[in-house]
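A short write-up of the structure that comes next.
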Amino acid sequence: MHDIKAIRENPKAYDRHWSGKGRSGAADEAVRLDAELRAAQTTLQEAQAKRNESSKLIGMAKAKKDEAEAARLMAEVESLKGVMATAAEAENLADGQLKDLLASLPNIPAPEVPAGEDEHGNLEQRRWGDATKLPAGKLNKPKDHVDLGAALGGMDFEAAARMSGARFVVLKKEIARLERAIGQFMLDLQTVEHGYTEVSPPLLVKDHALYGTGQLPKFADDLFATTSFDLGRYDDEFARQAAAIGSALDKLSDEHRNQLKYLLSKEYIHASVQNALERSHWLIPTAEVSLTNIVREQLVAEEELPMRLTALTPSFRAEAGSAGRDTRGMIRQHQFYKVELVSITTPDQSEAEHQRMVECAETVLKKLELPFRTMLLCTGDMGFGAKKTYDLEVWLPSQDMYREISSCSNCGDFQARRMDARYRKTGEKGGHFVHTLNGSGLAVGRTLVAVLENYQDEGGRIHIPAALQPYMGGVTHIGGQA
């Protein structure tokens, strides 16, 4: 969400950023709606003040037995009621349109973010690790994780497809244990060494939680909802069914006919569906949603910041915009585990906290001795709510390229405004918007893929990184032949 006052003061600056996201003219539209809203509010307030004044004068006129004046004033009050109703309607309309517009507009990038249209505009910041020193680095044609998983008998995409469809997997045996070990290792690292507080949050959230972090309303198609109902499609079906049973209704008694008509009425069905939707939830696409919303509508003391939270949870994504991409294997799944990092801090500390978060994510890859590079994303490749984002990309030998494994973003006060999350400075009464940051520390499934591929040897064994061996009961390798 954006500060309309800031947009009003410098619309060209905002429009310059939004035009690159296909929203040219959005700033001018926001200013126009804001002007309509304020004009309606002024009209309403003036009419209310005039009505109150006239109401007092009516009493005075009646006390003086001046019936003509009292009648004139009463007519004036009645007229003002119409003005107030019109102004209130205009206020509600402009307010709703302005809120909808602001909710649909992405965050403004930080000045140091490079301009660009897509991933080709991202800037590499650094690289770490040497893939040739790992077991897979000695192979001419390293296998991908799908073939490795099949050889180990621990990765079954067909069984998952039979029960859930595409983009799911059943992990078994040593691979399932390795996945669990990776998640526990990451969580211990972030809590014990990096000082994050472990949280076990809800996996189901309401609309307002996803609105707060920016997934709704724009990205509903990428989410899984527990309840779905299309009222428009229902209306068409209702009309067809009502026509078909119309003649049958005439044969019922008046009492039964009226009861049945009500139960079949659009008003009743709409009310019932709305009630169901209000009770519905969404599966979280990332624990960022649950962790960040902990401070929703809260006023936090400055002494409590930075607040660093982490959670190991499943994440659920519909991947609506990913048709045809990464259809093989575990790179892009509807359900996957991830260790999420969230920081709540002050504006003056958010940049330093961002750099720290990136280092916390990088440490996971360093301890696993997985080669990676860190990228600063350009304006066209950043997410909706981010003002600055770093991606970590891990080396996958089967693809001979780096692939994203973590994304760490500073959202500034963008999410805080949507959630009304504030902090209070020492000695002050008022509140200031917090800054929120989030990142993966890391995606467990993609880390599993990277370990399998980078630590395979010519005999088909998977060597277990030293950092994971304590979580695997001391096992040093799985599968294959010595």
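Every residue gets a Cβ built from N, Cα and C, even glycine.
Not measured: the values here are computed from a predicted model.
Taken from Swiss-Prot, the feature region 'Disordered' applies to 1-26.
The compositional bias 'Basic and acidic residues' annotation in Swiss-Prot covers 1-18.
Under DSSP, Ser440 (L-serine binding site) is assigned to a strand (E or B) in the three-state scheme. Sequence-distant neighbours of Ser440 (L-serine binding site) (same chain, six or more apart, CB under 8 Å from its CB) are Thr286, Lys338, Val339, Glu340, Leu341, Ala361, Ile405, Ser406, Ser407, Cys408, listed in sequence order. Residues or ranges marked as L-serine binding site by Swiss-Prot on the basis of sequence analysis: Thr286, Ala287, Glu288, Glu340, Ser440.
The annotation ATP binding site is assigned in Swiss-Prot to Arg317, Ala318, Glu319, Glu404, Ile405, Ser406, Ser407.
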Which residues, same chain and not among Thr286, Ala287, Glu288, Glu340, Ser440, have a CB within 8 angstroms of the centroid of the CB atoms at the recorded L-serine site?
Val289, Leu291, Ala311, Thr313, Ser315, Lys338, Val339, Leu341, Val342, Asn438, Gly439
Need one number for the ATP-binding residues Arg317, Ala318, Glu319, Glu404, Ile405, Ser406, Ser407: the maximum pairwise CA distance in Å, whole number please.
19
Three-state secondary structure of Ile405 (ATP binding site) from DSSP?
strand
Would you kindly list the residues that approach the region 'Disordered' (1-26) from elsewhere in its chain, counting only those six or more residues past its ends and only Cβ-Cβ distances under 8 Å?
34, 98, 101-103, 105-106, 108-109, 115, 117, 379-380, 414, 417-418
DSSP helix/strand/coil residue counts for the region 'Disordered' (1-26):
16 helix, 0 strand, 10 coil
Rounded to the nearest angstrom, how far is the Cα of Glu288 (L-serine binding site) from the Cα of Glu319 (ATP binding site)?
17
If we count other C-beta atoms within 10 Å, could you say which of the binding-site residues Ala287, Ala318, Ile405 has the fewest?
Ala318
How many Å lie between the Cα of Ala287 (L-serine binding site) and the Cα of Arg317 (ATP binding site)?
12
